[in-house]
Every structure is written in structure tokens, then in C-alpha cells.
Amino acid sequence: MWAFPELPLPLLVNLFGSLLGFVATVTLIPAFRSHFIAARLCGQDLNKLSRQQIPESQGVICGAVFLIILFCFIPFPFLNCFVEEQCKAFPHHEFVALIGALLAICCMIFLGFADDVLNLRWRHKLLLPTAASLPLLMVYFTNFGNTTIVVPKPFRWILGLHLDLGILYYVYMGLLAVFCTNAINILAGINGLEAGQSLVISASIIVFNLVELEGDYRDDHVFSLYFMIPFFFTTLGLLYHNWYPSQVFVGDTFCYFAGMTFAVVGILGHFSKTMLLFFIPQVFNFLYSLPQLLHAIPCPRHRIPRLNPKTGKLEMSYSKFKTKNLSFLGTFILKVAERLQLVTVHRGESEDGAFTECNNMTLINLLLKIFGPIHERNLTLLLLLLQILSSAVTFSIRYQLVRLFYDV
């Protein structure tokens, strides 16, 4: 049985501040509703018959509350150093890690809000987290600088027990930040999904950190909890308003904020591989979406499911294009995906010639293909259940299957 150790005072203070953050988030979002609408940061829910204007970019409120909690929390991990007799040397490396992590998250919230306001292109969406991750990588370089990994057992006869990746390790961490920020943004489009999946991931990380507090890397997991606990409660406050029927939209701001927060704790907490395992649905969704993201298959602006007004349920959305415009690679991918029952393809003739229509390649549409039309709230619940199951699989891999690859 897992036993959670007694929590240190800074974590209890962090928990108390996070509870206040939940109340603040729940209160501030409706209070600022009119301000966002007046600034035209609003839109219509495409999956509702109502054309009511709904405030967007509410992730900026959630992110602001999160930052205020942690700014106020900064002195508490170092309370012993306020009493000279209890502090032999100030832990500058811990302080730098805390400040650097906050800087990276703060930059990502700012850049995410800029994306919501300016509606940037996808190539810019890749550059933003790259820029915001630079403070994070510099903190890792100055505090740790370790780029050596333990090689899995099946490859040790070739590579040895340890392998120094050098600069490639920093490339990996930069790509991890880019992936985390965009993975949540790609798996989105229905009420409660962005905040819901982030809530499940953060809860899973909190459980993982608590289990590991009695291990050899206690300080790393305490550091992770400093961020995950306030993130969980502020996200819970956002989800309260974003749940079906949504009163607000979280915007790209929240997706970037959530992704960078996960990247920060995964990198500076030294559990990036476990972190990626918590993203199993997002990894699958990314790989499944890749043909459209790379435009091998035409990708419309919105790939969200479409509402059937008669049934009130969501159905698959489709991408329609001229068959002759599809490249050889796109044709090959589409045939393979169709053979594997991963897409539904319709072919026909129109006045403009032969056309092809296939469902948009997202995990949301794939579930609709498998289970048929589903009510939006139930579809969100199904996706969150999948996220919870993937976390259960992650814990099984981390504490059982890992023995096949590493000496634990």
C-alpha cells in the first residue's frame, strides 16, 4: 500500500493559498465577463443553437491567479534562512529554479494571450513555446547541467549503461515544452475538454509526487507540488465555468499556460519521461492529426465535431477537397488510414470534378466514428475517462513494467 508522508509547512501554506486561488478564480471570471465582451474577446459556441456571445481567453484570469499565488509563496520554502542559526547557506539553486520556472510560465501566459488577441498562424504557435522555454533551459544548465541518461536494458549491449546526449538533451527538453503546450491545444473544441484533461493530468502528477516523497528525489517532487497544487485548484475554478454548457472559453492562453506548467515540473522535477506517459491520449491525437497538421491531407480551420440540430448530438466533421489536389503522400496515407478503419472516406462527383471527403483526423472525431453521435457533455466525459485510464496505465508502466527496462 502507498503511504503519503507528512507534508512540510511550505506545502501546507501552498495548499491554503491554492484553496484561496480556487475561490478567486470562480469569483473573478464572471466579474470580468463584461470587460472581455467589451474588448471583443468573445465568440459563439459553434456546437450550440444559441448565438450568445461567450467570453474567450479566460485562461489569462486563471493564469494570473496562479502567478499571484506563487509570487506570494516565494518566501515560504526559504523560511529557515530568515533565522540565521537555522540556515548554513542559502539554497540559491532552489531559488533560481523557482524564479526561472515562474518566468517561463509567465512568458507563456503573455504569449498565449497575444495569440488569442492576434490570432497567430501555426508556425508562430511553434515559435512561442520555444522562446518561452529558454529561461527554463538556462536554469537547467546552470543548476544541473546533467545530460547523461540511463540506457534501457535492451540497448545496453550497443550503447552501454550511460549515454551523454550533450546538446541533444536540451533539444529534447525544448521539444518537450513545444509539445506540451500544443498537445492540449490540438485536443480541444468541446466544452470542458481543455481544462478537464489538464485537471486530470495535474491530479495524476500530484499523486505521483506524493508517492515519491519518500524516495531519493524528495526535493524534486516537493518542487513539482509547489506548482501542481495551485494549478489544480485554479484550473478547477476555470472548469466550473467552462463545463457544459460553457459560460466561458479558456482560449489558447490556458492551453499554453497548462502545457508550460507541465513542462516546467517535468524538466526541473526530473521526471520528463513519466510526464510524457501522462500525455498518452495527447500523443495519440498528435500522431493521428499529423497528416492534416502537415497538410498532406487538407486541414480546415476548425476540426471540431458538428452539431446535429435534430438530435442535439455531435457528429463527425469532414474535410472536403478535390481528389486531384491530393498529393501522392496524402493519397497513400488516406488509403492506409481507411484500410485500418481510422477514417471514414466518401468519394463522389460534382460540377468541379471528382471530390473526396474524409472525417477530420482528431481523437474526438475518432471516438464519434467508433461510438456514433454523442451528446457534447457525454463526449467530454468519455474523453476525460480515457485520460484517467491512461493515467492508470502510466502508473502501471512506471511502477511495474519499468522493471523490464531499468534496474529499480
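Positions of Cβ are set from backbone N, Cα and C atoms, glycine also.
Swiss-Prot gives the label N-linked glycosylation site to one of N146, N378, namely N146. L9 and A39 carry different topological domain names in Swiss-Prot and therefore face opposite sides of the membrane. For the dolichyl phosphate site that Swiss-Prot gives as V178, F179, C180, T181, N182, A183, I184, N185, I186, the extra residue drawn from K125, K153 is K125.
Cα spacing between N185 (dolichyl phosphate binding site) and R301 (UDP-N-acetyl-alpha-D-glucosamine binding site): 13 Å, rounded to the nearest whole number. Outside the transmembrane segment (122-143), and at least 6 residues removed from its termini, the chain residues within Cβ reach (under 8 Å) are 93, 96-97, 100-101, 103-104, 107-108, 111-112, 114-115, 170, 173-174, 177-178, 180-182, 185, 252, 256, 259-260, 263-264, 267-268, 293. Relative to the transmembrane segment (193-213), the listed stretch 376-400 leads the set 92-118, 167-186, 251-269, 376-400 in CB pairs under 8 A.
Under 8 Å, Cβ to Cβ, and six or more positions away along its own chain, Q44 (UDP-N-acetyl-alpha-D-glucosamine binding site) finds R51, Q52, Q53, I54.
Secondary structure from DSSP puts T181 (dolichyl phosphate binding site) in a helix. By the count of Cβ pairs under 8 Å, the stretch nearest in packing to the transmembrane segment (272-293) among 11-38, 92-118, 167-186, 219-242, 376-400 is 167-186.
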